[in-house]
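Participant: The following block contains the structure, expressed as structure tokens.
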């Protein structure tokens, strides 16, 4: 890990060390994904079978996972695993249930009533990556809010073979359809539909560069589907003072570093002693990890920043805007009102990032790459949409008419003006 003293750097140097690595889409990825999308749109299920065999080296008997297969997968899980998944489900459901919006109804002036109502997005698609380890936690983070929001149709795609844990959580979340398909072809299938896969309105979930690019492309096509948020490498920033536990900090940094070689890992502290202790602790703990080689690559570009105060540490964090922000200080809650840009915040020694990743109740689908300045943690609102309603009485329109007419005249929109005056004239004729 590289250690730098913030005050010793010029403004240009400060910007440079906090700059994230470029997300390399590359013309080859863009073109390859466009080709996959076009093929799925043209050939439907046949393309899904062909591409699954090509990329996943598996020839599934069926694209859709049957109810029987889901039941059999559930039966194979241990009681311990089921209990863990069910507790995580309960906590996530409790937190997301609390996010249900309150209807708004306001009389802005006599006879003019304005409302805001919320409706679920009707059809949503959930993408769950494959890889060496199953990600049932991601199914929970996407499936639970979709269930609570009341989405009419929830579709899940994941590369085959789909892990038993994923299928069990799909059952917990009452997901309607599960498909043995991954990669850009899964995104295309959900965005445009095939003979088997339902076309959805919005697609959620992480993935590799090809999945990310496929989501970008379908979201830019009005015939495609909306997506949850832009994606980039995973990140953690830790703010720590001299009271922090160096072993805890090291464990948190490594839990992020093991995600991948492009993971962003940053410690900001006013304590040189803590910086040194964390450096030593990271090296000791690294040797115990099964994914040490991956974590080591991430650590090669990681940072320890020596700030002159906690106030400056907060300022650095707000500028960087991390996906995960861990605060290990004497009074962490005192800093919370000062923290503006972060996907999810973990306060105090006993709040590891892992808790939020799996089971505390918050959502682990978070903005990265500095998007925390404008994007939020995934939540119930992302599976819903707002509509406004207005209802004017005759007297309400009569009282509001002069304002609307004056503004319509100023904008030169005669038909807008006439839509009001024609009504006022009829009211006048009746009286």
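Every residue gets a Cβ built from N, Cα and C, even glycine.
The structure displayed is predicted, hence computed values, not measured ones.
Swiss-Prot feature annotations, pasted as is:
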type	residues	note
BINDING	127, 185, 208	NAD(+) binding site
BINDING	234, 256, 259, 324, 357, 411, 416	substrate binding site
BINDING	256, 259, 357, 416	Zn(2+) binding site
ACT_SITE	323	active site, proton acceptor
ACT_SITE	324	active site, proton acceptor
Participant: Which of the listed recorded positions (323, 357, 411) has the least company, meaning the fewest other Cβ atoms within 10 Å of its Cβ?
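Facilitator: Among the recorded positions 323, 357, 411, the lowest count of other Cβ atoms within 10 Å belongs to 411.
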Participant: Where does residue 357 (substrate binding site) sit in DSSP terms: helix, strand, or coil?
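Facilitator: DSSP assigns residue 357 (substrate binding site) to helix.
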Participant: Sequence order is fine: just name those binding-site residues in 127, 185, 208 with a Cα within 10 angstroms of residue 234 (substrate binding site).
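Facilitator: Candidates kept after distance check: none.
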Participant: Other than 127, 185, 208 themselves, what residues in this chain have Cβ atoms within 8 Å of the centroid of the NAD(+) site's Cβ atoms?
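Facilitator: Not counting the recorded site residues, we get 129, 157, 159, 182, 183, 184, 186, 187, 207, 210, 211, 214.
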Participant: Roughly how wide, in whole Å, is the group 234, 256, 259, 324, 357, 411, 416 that binds substrate, by largest Cα to Cα distance?
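Facilitator: This binding site's residues have a maximal Cα-Cα distance of 56 Å.
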Participant: Do you know offhand how many angstrom separate residue 324 (substrate binding site) and residue 208 (NAD(+) binding site) by C-alpha?
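Facilitator: Roughly 20 Å, rounded to the nearest whole number.
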Participant: So if I draw a 10 Å sphere around the Cβ of residue 416 (substrate binding site), how many other Cβ atoms end up inside it?
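Facilitator: Looking across every protein chain shown, the total is 14.
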Participant: Under a three-state reduction of DSSP output, how is residue 208 (NAD(+) binding site) classified: helix, strand, or coil?
Facilitator: coil
Participant: Within 10 Å of the Cβ of residue 127 (NAD(+) binding site), how many other Cβ atoms are there?
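Facilitator: I count 27 other Cβ atoms within 10 Å of it.
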Participant: Tell me the Cα distance separating residue 323 (active site, proton acceptor) from residue 127 (NAD(+) binding site), rounded to the nearest angstrom.
Facilitator: 20
Participant: Within 10 Å of each Cβ, count the other Cβ atoms, then let me know which of the binding-site residues 259, 324 comes out lowest.
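Facilitator: Across 259, 324, these binding-site residues, the one with fewest Cβ atoms within 10 Å is 259.
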